[in-house]
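Some features that TrEMBL has for this protein:
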- 503-546: domain 'Cationic amino acid transporter C-terminal' (DOMAIN)
- 64-85: transmembrane segment (TRANSMEM)
- 140-161: transmembrane segment (TRANSMEM)
- 195-211: transmembrane segment (TRANSMEM)
- 218-240: transmembrane segment (TRANSMEM)
- 290-316: transmembrane segment (TRANSMEM)
- 336-364: transmembrane segment (TRANSMEM)
- 385-404: transmembrane segment (TRANSMEM)
- 416-436: transmembrane segment (TRANSMEM)
- 448-467: transmembrane segment (TRANSMEM)
- 473-495: transmembrane segment (TRANSMEM)
- 502-524: transmembrane segment (TRANSMEM)
- 530-546: transmembrane segment (TRANSMEM)
Amino acid sequence: MRRKNCAGTKDDFLPEESFKSWGNYAKAPSEMPKRLIERALTRSNDEAELEAKARSHHEMKRTLTWWDLIWFGMGAVIGDGIFVLTGLEAKEEAGPAVVLSYAVSGLSALFSVFCYTEFAVEIPVAGGSFAYLRVELGEFVAFIAAGNILLEYVIGGAAVARSWTSYFATLLNFRSDKFLLTAHGLADGYNQLDPIAVGVCFIICIIAVSSTKGSSRLNYIASIIHIVVILFIIACGLIKSDTKNYTPFAPFGARGVFKASAVLFFAYVGFDAVSTLAEETKDPGRDIPIGLVGSMVITTTIYCLLAITLCLMQPYQNIDANAPFSVAFKAVGWDWAQYVVAAGALKGMTSVLLVGAVGQARYLTHIARTHMMPPWFSYVDEKTGTPVNATTVMMGTTAVIAFFTKLEILSNLLSISTLFIFSLVALSLLVRRYYVSGVTTNANRNKLIICILLILGSSIGTAAYWGLSEKGWIAYCVTLPVWFLATAGICIFIPRARSPKLWGVPLVPWLPSASIAINIFLLGSIDKDSFIRFAIWTAFLLAYYFRKS
């Protein structure tokens, strides 16, 4: 079997039996129900996920420490939200209360970080949340999540690449949309073409396939420069602040705060990529908790400080949606400062793109190891120790989407995928702690199922009522107590079936249950069109899954 970087046989792309012959194509539909039931009920285990690494032919190199992970975490996250969406959400949804939006989404992200951390320590493989869901919720749920994980990374990278172009334009003293090309024959939202974003994706791809440790060093240097620029923005921005700009504080009310929070969850998705580096970490039990939790706490603090600074510098109505900080300094008379801010933002977004490229490739690599995607994507280069095929394809797809698609469309769709996956990971942690096949009795299993359904149902009910009722409150008197009692039911009536070996999430089941509730609540604040796009993508995934089955 040929095993060069971009070479491969038919089995590398279509390994399933149903693709072997025309006769198998004809038989596949009749066998589909049986296969679907088998896959829906099949769960992997920790050992199987670890053994799947052998299918990549070469191992990824263990070169990373907690120090690398902290900087990877900050490099992955700082840049997305604060330089891409802060201006847009402050201007159109939250006003100065955008700082509360960051605090809410940051709290939700921190809960998710705890859940990810326990899994990453226990199952240190490149598959991240895909591997965790496959172990606890089965192959079917893992496959649907896998498709949305890949969508999340592609869309996130595309959004940052487009914003990179906006800040590059301001660095050269042009309007933020200077380098966009208008294609009048395309639909609105897809007719502003961005060739610079494509070039940036190409350069990032080359760096990501060269070396993981090299990418870490580049990210480390870029992140230090980025932190210096952030400190400059906070210090100098507060010098030019005016407290009058904080009146009114919440012009769009609580609904605007939560709606912005749902979109700004985009700002925290980068930590997901850090969990995929567990396979390349020297001491996962120590390095992953410090790296993930530490980077998230630092990031949330920085986000809130920057949001406060921006809204003190300029009235929220005047904030530029594409390059808010650069234009804000120009508005207060510090024209020279906009160049420092733009340069720092470019450094930050470059780090985000780099860490995203590293993370998304490792997701695809592990998914391909399980044959849920063509095995060709699982190839790891012997010399570089990086997944070359997966990196190249994912960054190529990112470049295509970045070329066509408007930022607002990308950000809303990304938040849906992210919140959906984080909810599943929190649910998986509850299953992991309270259900082990052969250990948990049928009675306790049934109690767990009922409690989980009540947690999900009450969370969905709260989110739906929030979305449909402008001023009502009666339904919350039902949904919130149901959530509380269901969580307490797990705590009181169901014995734990498993304890973490090295590092565990505190306050189980309360913390993962709260993570589920907050994530689903934020989903209720996202616009209808984004849910339609999400449904179309999920339908496509189901069609592919049924064909494989």
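Note that Cβ sites are derived from N, Cα and C of the backbone, with glycine treated the same way.
Between the transmembrane segment (473-495) and the listed ranges 140-161, 218-240, 336-364, 416-436, 448-467, the one holding the most Cβ pairs under 8 Å is 448-467. Nonlocal intrachain contacts for the transmembrane segment (195-211), taken as residues 6+ away from its ends with a CB within less than 8 angstroms of a stretch CB, comprise 157-158, 161-162, 164-165, 168, 179, 181, 218, 350, 353-354, 357-358, 361, 381, 384-386, 388, 391-392, 395-396, 398-400, 402-403. When each of 218-240, 416-436, 502-524 is checked for Cβ pairs under 8 Å to the transmembrane segment (530-546), 416-436 comes out on top.
Counting Cβ pairs under 8 Å to the transmembrane segment (290-316), the stretch among 140-161, 218-240, 336-364, 385-404, 448-467 with the most such contacts is 218-240. Across the domain 'Cationic amino acid transporter C-terminal' (503-546), the DSSP tally of helix, strand and coil residues reads 33 helix, 0 strand, 11 coil. Counted as Cβ pairs under 8 Å, contacts with the transmembrane segment (416-436) are highest for 502-524 among 336-364, 385-404, 502-524. Residues 104-105, 107-108, 111-112, 114-115, 117-118, 121-122, 258, 261-262, 265, 284-285, 288-289, 415-416, 419-420, 422-423, 426-427, 429-430, 433-434, 455-456, 458-460, 462-464, 466-467, 483, 486-487, 490-491 of the same chain lie 6+ residues outside the transmembrane segment (502-524) yet bring a C-beta within less than 8 angstroms of a C-beta in it. The average pLDDT computed for the domain 'Cationic amino acid transporter C-terminal' (503-546) is 83.
Only residues 6 or more beyond the boundaries of the transmembrane segment (336-364), in the same chain, are considered here, and those with a CB under 8 A from a CB of the stretch are 60, 72, 74-80, 82-84, 126-128, 130, 146, 149-150, 153-154, 156-157, 160-161, 163-164, 167-168, 170-171, 173, 200-201, 204-205, 207-208, 212, 215, 218-219, 222-223, 225-226, 228-230, 232-233, 236, 270, 272-274, 276-277, 279, 323, 325-327, 329-330, 373, 377, 386-387, 390-391, 393-395, 398.
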